[in-house]
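These notes concern the structure reproduced below.
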Ligand code: TMP
């Protein structure tokens, strides 16, 4: 019954990606949204990039260890692309085709921002990688969680505890500021797909705003899913 309340092609799942800098609260918000969709009787899976499939998780380990950085920005981009190719083919597409909603922690915007804007990888190279790995697959909705850099970095440090920072957490404050600017630019350039949400608020407020974005963009008017 919930399927009928979804805008357009009710048989196919919806693809929702979450993006943002370090410590923006993506994991918490994805978990909350998955619970809420479950309560609304919509089947949903939570996945992430890099990773989300056995092969891609091996690549995740490689890039976050800093190994990819040693190879240079283009080769590091190829590693992210290889991970995405496997993840899309074995997890995301099959789920969407079965009517399952896919909530993905990071996707191709991360490549645009981290490798493109910050790693200075050429747009033509990124376009070619996208054609190969995702083809026509585009998120139905991208939630960009926006948080001041100092706040995000403090949150990430608190979450990490005694663990050493990973490849990207270890970058300096300037890098993280550029990251934030790049995400804000994507949100401004693609308002049909992206919603920028202030993630400096408490988790409950952010979750309410995430749900409002789904209500406005993905559910049909008058749907009873909305109040679930
Ligand atoms: P996270 O899952 O903790 O956010 O860590 C993933 C890291 O990988 C994060 O710092 C962003 C980075 N990343 C890229 O640089 N390019 C990509 O395409 C993706 C998906 C992630």
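Heads up, the Cβ atoms here are built off N, Cα and C, so glycines get one too.
Fair warning: this is a prediction, and the values are worked out from it, not measured in the lab.
What TrEMBL says about this protein:
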- 18-204: domain 'Thymidylate kinase-like' (DOMAIN)
- 20, 21, 22, 23, 24, 25, 26, 27: ATP binding site (BINDING)
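Every protein chain shown contributes to the tally, and the Cβ of residue 25 (ATP binding site) ends up with 23 other Cβ atoms within 10 Å.
Taken together, the residues of the domain 'Thymidylate kinase-like' (18-204) have an average pLDDT of 96. The ATP site, placed at the center of the C-beta atoms of 20, 21, 22, 23, 24, 25, 26, 27, has further neighbours from the same chain whose C-beta lies within 8 angstroms: 145, 147, 152, 155, 156, 199. Least packed by the Cβ count within 10 Å, out of the binding-site residues 24, 27, is 27. Residue 21 (ATP binding site) has a Cβ environment of 28 other Cβ atoms inside 10 Å. Other Cβ atoms within 10 Å of the Cβ of residue 26 (ATP binding site) number 23 in total over all chains. DSSP assigns residue 26 (ATP binding site) to a helix. Neighbour density for residue 22 (ATP binding site): within 10 A of its CB lie 22 other CB atoms from the protein chains shown. Residues near residue 23 (ATP binding site) in space but far in sequence (CB under 8 A, at least 6 apart, same chain), listed by position: 147, 151, 152, 153, 154, 155, 156, 157, 159. Of all Cβ atoms in the shown protein chains, 26 besides its own fall within 10 Å of the Cβ of residue 20 (ATP binding site).
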